[in-house]
Each structure stands twice: as C-alpha cells, then as structure tokens.
Amino acid sequence: MKLLIKNAKLFYLNKLINCDLLIEDGKFKQIAENIVATDAKIIDAKFQLVTPGLVDVHVHFREPGQVHKETIKTGTLAAAHGGFTTVGAMPNVIPVPDNAEKFGQQIALNEQNSLIHTLQYAPVTVDETSDKLVDIEELSKLGAFAFSNDGHGIMNARSMFMAMERIAAIDSHLAAHVEDKNLFNHGVINFGTASQRLGLPGIQRVAETSQLARDLVLAKETGVHYHVCHISTKDGVQLVRMAKDAGINVTCEVSPHHLLLSDQDILNDDANFKMNPPLRSEEDRQALVAGLQDGTIDMIATDHAPHAEDEKNQGFAKSVFGITGIETSFPLMYSRLVKTNIISLEKLLKLMTNNPAEIFKIKVAGTIKLGQRADFTIINLDDEYAIKSKDFLSKGKNSPFIGQKVYGEVEQTYVNGTCIYSK
Ligand SMILES: NC(=O)N[C@@H](CC(=O)O)C(=O)O
Ligand SMILES: [Zn+2]
Ligand SMILES: [Zn+2]
C-alpha cells in the first residue's frame with residue numbers, strides 16, 4: 001500500500017518546506033520534490049500544512065465509569081478531529097487504575113477502543129486522594145506513560161517526596177496538578193474582581209504557587225522530571241523560570257483557555273468558563289503568553305475535560321469543573337497566537353508536536369522520520385470557519401469558544417498511514 005501526498009507544506013526538522021511525501025506500508029518512505037510513484041494513491045495537499053500528528057499530554061477520557069461524558073472511542077475521534085494522533089490520558093476514571101489489575105484493564109480498554117495512540121497515566125497515590133503510594137515500579141513496567149494525580153494536588157509532602165524519589169529512580173515523569181486543597185477553600189472562580197462582581201467564592205493564586213514552590217524544592221532534591229500541569233498564574237511561571245535557571249528538572253504545560261481567556265471574559269454565570277485551575281486575571285494571562293514566548297512554558301496541552309450538559313448548566317456554584325478543548329486547540333492557537341504574530345507557526349508546531357514528545361520521551365511521535373509509522377495531519381490554514389458544538393465529535397459540548405471564528409481547520413488525520421478522520 002502506497003500513499004503519495006503531493007504539494008505539502010511540510011513541518012519537517014523544525015522547518016516548513018514545500019515537498020511531496022511518500023508513505024508505504026504505514027511508514028514514512030520518502031520526502032522530496034516531485035516524487036513519482038506508480039500504483040500509489042495520490043492526495044493533492046494543495047500546499048496546505050502537513051504536520052506530524054499533534055501530541056497532547058493531558059486529556060480526560062471518562063471510560064470506565066463516566067461514559068455518558070466521553071468514551072475512549074469518542075475521545076480519540078475528537079482528538080483526531082483536532083489533529084492529534086498521540087495523547088496522554090489522565091487516570092481520574094472510575095475505578096482509578098491504581099493497582100496492577102486495574103491498570104492492566106485500563107491499558108487493554110485503551111488498546112481496544114483508541115483510534116489514535118492513547119498513552120496512560122498511572123496515579124501517584126491509591127485512589128488519587130490518599131497518601132499511600134501506588135506500586136510505581138510495577139505500574140511503570142505495565143506501561144504507565146507517566147504518573148499524575150491530576151484533579152488533586154498531593155497534599156502530603158512526604159508522599160510527594162517519596163514518589164519523586166521512586167519515579168526518578170525509574171526515569172519516569174511526575175505531572176502535577178498543583179493545588180493546595182486548604183487554600184483552594186471551596187472556590188469556584190479566580191479570587192479577584194470577577195469573583196466579587198459575581199458574588200462567588202474565589203480560588204487564591206497561592207493555592208497553585210505555594211504547592212508549586214514546595215514541589216520545586218522536592219524536585220531539586222530528588223532530580224525527578226517534574227512537570228507542571230495547566231499552569232495558570234504569573235508567579236507560577238516565574239517560579240518555573242527561576243527553577244529552570246537553577247538547573248531543576250522541571251517542565252510545564254499551558255492550556256489554550258488560560259492563554260486566551262481571563263476572568264474578565266466571564267460576563268455571566270456561565271459554567272462553560274468554569275475549570276480548575278480557574279481563568280485568572282489579565283495580568284496572569286499575559287504572563288503565560290510571555291512564558292510561552294521565552295520558552296519557560298514547554299508545551300500546549302488541552303486538559304480536555306468533557307462533561308454532560310446537565311452537569312455544566314447549573315451555574316458556577318453547582319456545575320462541575322472542566323471544559324473540552326481537543327477539537328479547538330490548534331485552530332485557536334493558530335488564529336490567536338500565530339496570525340497575530342505572537343509566536344511563529346514553527347514555534348506553535350514545536351509546542352504541539354516535538355516538545356511534548358521529546359520531554360516525555362514518547363518514542364514514535366511528534367516528528368516525521370523516514371522508516372517510522374506515518375502519523376500526520378493535513379490542516380487548512382486559509383479558510384475561516386466558526387466553531388460549532390454540532391461539529392464536535394466529543395460527547396462534551398462544554399466549550400467557552402463556541403461561536404468564535406477561527407482558521408486552521410483539520411482536513412485529515414492519519415495514523416499508521418491510514419486516514420482515521422476526514423472532514
Ligand atoms: N480541569 C478540570 O477542571 N477538570 C478536570 C480535572 C483536572 O484537570 O484537574 C476533569 O477531570 O474534569
Ligand atoms: Zn488538573
Ligand atoms: Zn486535567
């Protein structure tokens with residue numbers, strides 16, 4: 001089976017080049033101008049962008065346990081619609097895969113149902129909320145991509161310290177949702193003018209930064225690769241910057257919503273703007289953009305968190321935390337950051353392909369390499385379209401970006417040389 005992509009604007013070795021791309025038996029075979037291949041199926045890309053499949057290290061699929069919100073099938077289909085071919089799935093499913101048996105079942109479920117490559121996080125502690133560590137070495141052997149208690153900060157410093165030592169010893173990764181539960185104090189929105197205006201309990205920035213500061217010291221001591229999930233504050237970015245300068249093995253991700261929205265965009269009691277961590281101030285938002293520009297922030301991750309309509313239409317006080325994002329990430333980032341000259345297209349693609357793959361040592365993802373499996377995406381950068389919930393393939397329609405006009409629509413997504421999504 002041969003597939004020839006003619007006239008690609010290909011993101012290859014960190015540059016955009018005009019060329020053809022030949023795929024044979026599911027693998028990249030040749031990159032050159034004017035490739036001629038008899039008996040190949042030909043696709044004319046018409047100089048649209050062809051990129052390695054996008055990589056998102058932070059998604060929530062809800063299977064098992066909450067399949068009314070999302071399944072692995074709908075989640076991975078939504079990912080393909082967003083241009084992603086590799087994702088890291090968080091372990092806050094029911095049951096939490098916190099022992100060998102449950103973890104093995106989760107991996108099998110992912111394999112049976114994924115249209116793309118779904119890598120599985122293991123939790124750090126039993127049930128994600130206790131202080132008792134999981135069998136880190138065993139879950140790693142069973143294929144844990146990294147470790148995270150996402151959704152919950154790890155409150156007990158000794159548990160965190162010991163987890164870091166063990167994760168460092170096996171050369172894996174610890175991804176932290178940094179949040180001190182006591183400082184969080186049942187808030188539902190950022191603490192500040194918006195929480196006052198709407199009369200809602202606020203979440204202080206120090207809920208994030210105080211735990212982050214603690215973790216950075218522990219990470220220094222243990223040498224673990226410590227990754228900060230969905231960073232949201234100006235001081236948080238500054239802490240990571242200082243830690244990197246000090247040689248601490250820290251990386252961090254930011255979500256499209258924290259880059260593009262602030263609490264000033266919350267005009268009424270609409271829980272499609274409710275997520276954890278919350279949308280912060282405009283000053284925080286600008287610091288995140290600056291952190292992306294200067295390399296303090298290493299990657300974009302969506303924190304795709306689908307929920308059912310009746311779980312999100314209860315206003316800020318009662319609705320659950322989280323918004324979807326995997327189908328809108330690239331178009332939003334391209335339209336609002338690249339077309340406005342805040343970052344280059346090459347930089348955006350690095351943030352969404354090679355950086356996450358390299359940092360998390362994902363073997364075959366994030367780059368186009370001859371002889372390796374052909375995971376790639378064709379994206380139309382020229383035509384504007386409107387984000388509509390009816391176009392989402394995710395079960396979750398909980399997005400604050402519905403109705404916005406964007407560029408960067410995904411035309412086709414390929415995994416192992418096979419088209420798994422076509423517009
Ligand atoms: N981000 C959220 O607000 N919610 C996430 C959990 C998380 O990422 O912390 C979820 O699983 O719904
Ligand atoms: Zn989280
Ligand atoms: Zn999350």
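Placed from the backbone N, Cα and C atoms, the Cβ positions cover glycine too.
Note that the structure is a prediction, hence the values are computed from the model and not measured.
Take the substrate site that TrEMBL assigns to H60, F61, R62, N92, N276, F321, G322: the candidate from H258, H307 listed for it is H307. According to TrEMBL, the residue from D150, D171, D180 that belongs to the Zn(2+) 1 site alongside H58, H60, D303 is D150. TrEMBL lists D150, H177 as Zn(2+) 2-binding residues, and of the candidates H81, H230, H257 the one it assigns to that same site is H230. Cα proximity to N276 (substrate binding site) (within 10 Å) is found for the following binding-site residues from H58, H60, H177, H230: H177, H230. Spatially, by CA atoms, the binding-site residues H58, H60, H177, H230, D303 include one closest to N92 (substrate binding site), and that is H60.
The binding-site residues listed here (H177, H230, D303) include D303 as those with a Cα within 10 A of the Cα of G322 (substrate binding site). Counting Cβ atoms from all protein chains shown, H307 (substrate binding site) has 26 others lying within 10 Å of its own Cβ.
In sequence order, H58, H60, M90, P91, N92, Y121, A175, H177, C229 constitute the residues six or more apart from D150 (Zn(2+) 1 binding site) in its chain with CB-CB distances below 8 Å. Checking the binding-site residues H58, F61, R62 against ligand 1, none has a C-beta less than 6 Å from an atom of that molecule.
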